[in-house]
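*Asks:* Pulled these from TrEMBL:
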DOMAIN    2-80  domain 'Trans-2-enoyl-CoA reductase-like NAD(P)H binding'
BINDING   48-53, 74-75, 111-112, 139-140, 244, 273-275  NAD(+) binding site
SITE      75  site 'Plays an important role in discriminating NADH against NADPH'
DOMAIN    82-317  domain 'Trans-2-enoyl-CoA reductase catalytic'
BINDING   225  substrate binding site
ACT_SITE  235  active site, proton donor
DOMAIN    323-385  domain 'Enoyl reductase FAD binding'
Ligand code: NAD
């Protein structure tokens, strides 16, 4: 079939196999062009490995450090009539590239919150790797079924305390208007913490320790976003921020439970980037469109793969990691540079539908969004008949 993007609201419901491969290969080429990660990981488990920051983590570990990677994701395989999800095609392309370089890669496709998938991952580590020395926790999911009680929790993106009205760009209609969000109830806050907080990260680390598949001195990292004034009401100081605060609690709990094995758990603060998870958050598309313009002008703009390269070399495997007062790795330093934030804040009130393209870099935002699904890569013939099926299934 001829595969053109089918965008519905803030999601694209199909993906292009060769375009997704181009996305993965571009990131691999970037990593290979950098110096290899000194003292980097050898055997890595990436939970949430197929898109966004998890995919970039897997690529950095494998192609920057020569690590063997076991990945976990929740993706839709293709049928003859329907494309796979982008994460499926990305993972197939990652496997193809790893195989070419004789790099071990195995992927388990299923619900990482479940006991069954944890058991499958542990069995795979025992079979193929023995132990892992790095566990990356990079899940972004709107819901989670608690494996103990069977109850399913949904997260919400709402402010805490008071309602919130802010300027918002509707990327579907290209209209700029006000978005008003009512405050979350106590129950909604608790459910969001259940989904996006640290409980599942702790369950993973406990299960891996109990099965004795963590190497002595293993590291584990989970990702968060803090942002600044413009995004605090909907992110940092809202339900998702509350859930992310719980990662700090979990990091301390994991490091102290597993101190006998010298395991260290750290939260890493990354920058705002277009991913399937972040495009669903109100305010973020407009904020990112302005941020990209300012950061590009300053020469500080980065994508997922550049962020991960710096996380590995400047934090995870550095002898003097950049840590904040709460013990978190900071890779959002360029985004939160005060001069950058001041410029973003100055542009924010001036943006209208008429001057959107001039005052912001919505063009890059939109291109990056389509690229997540494999659309817009040079060298891919989007007019050609294309099979939805790929060779490297997993
Ligand atoms: P993403 O949507 O691109 O990736 C999510 C990953 O989780 C995918 O691999 C998906 O397959 C996997 N996944 C989701 N539910 C799953 C399940 N039940 N079982 C197994 N796998 C599952 O998201 P992202 O933006 O890369 O986010 C990853 C982490 O980075 C999140 O913790 C997010 O909060 C954080 N982060 C994101 C940003 C940003 O701007 N995008 C900034 C800072 C931190």
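Cβ atoms here come from the backbone N, Cα and C positions, even for glycine.
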*Asks:* Out of the recorded positions 75, 225, 235, give me the one sitting nearest to residue 274 (NAD(+) binding site) by CA distance.
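*Replies:* Result for residue 274 (NAD(+) binding site): the nearest of the recorded positions is 225.
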*Asks:* If you average per-residue pLDDT over the domain 'Trans-2-enoyl-CoA reductase-like NAD(P)H binding' (2-80), what number do you get?
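*Replies:* On average, pLDDT over the domain 'Trans-2-enoyl-CoA reductase-like NAD(P)H binding' (2-80) sits at 97.
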*Asks:* Return the members of 74, 225, 235, 244 (the recorded positions) with CB less than 6 angstroms from at least one atom of ligand 1, or none.
*Replies:* 74, 225
*Asks:* Give me the CA-CA distance between residue 75 (site 'Plays an important role in discriminating NADH against NADPH') and residue 50 (NAD(+) binding site), in Å, as a whole number.
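*Replies:* Between the alpha carbons of residue 75 (site 'Plays an important role in discriminating NADH against NADPH') and residue 50 (NAD(+) binding site) there are 8 Å.
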*Asks:* Could you put numbers on the helix, strand and coil content of the domain 'Enoyl reductase FAD binding' (323-385), residue by residue per DSSP?
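*Replies:* Going through the domain 'Enoyl reductase FAD binding' (323-385) residue by residue, I get 27 helix, 3 strand, 33 coil.
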*Asks:* Please report how many Å separate the Cα atom of residue 244 (NAD(+) binding site) from that of the residue listed as 'active site, proton donor', as a whole number.
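*Replies:* That comes out at 10 Å between the alpha carbons.
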*Asks:* Determine the Cβ neighbour count for residue 52 (NAD(+) binding site): the number of other Cβ atoms within 10 Å of its Cβ.
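*Replies:* Result for residue 52 (NAD(+) binding site): 23 other Cβ atoms within 10 Å.
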*Asks:* Looking at the recorded positions 75, 111, which one has the fewest other Cβ atoms within 10 Å of its own Cβ?
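*Replies:* Checked 75, 111; of these recorded positions, fewest Cβ neighbours within 10 Å: 111.
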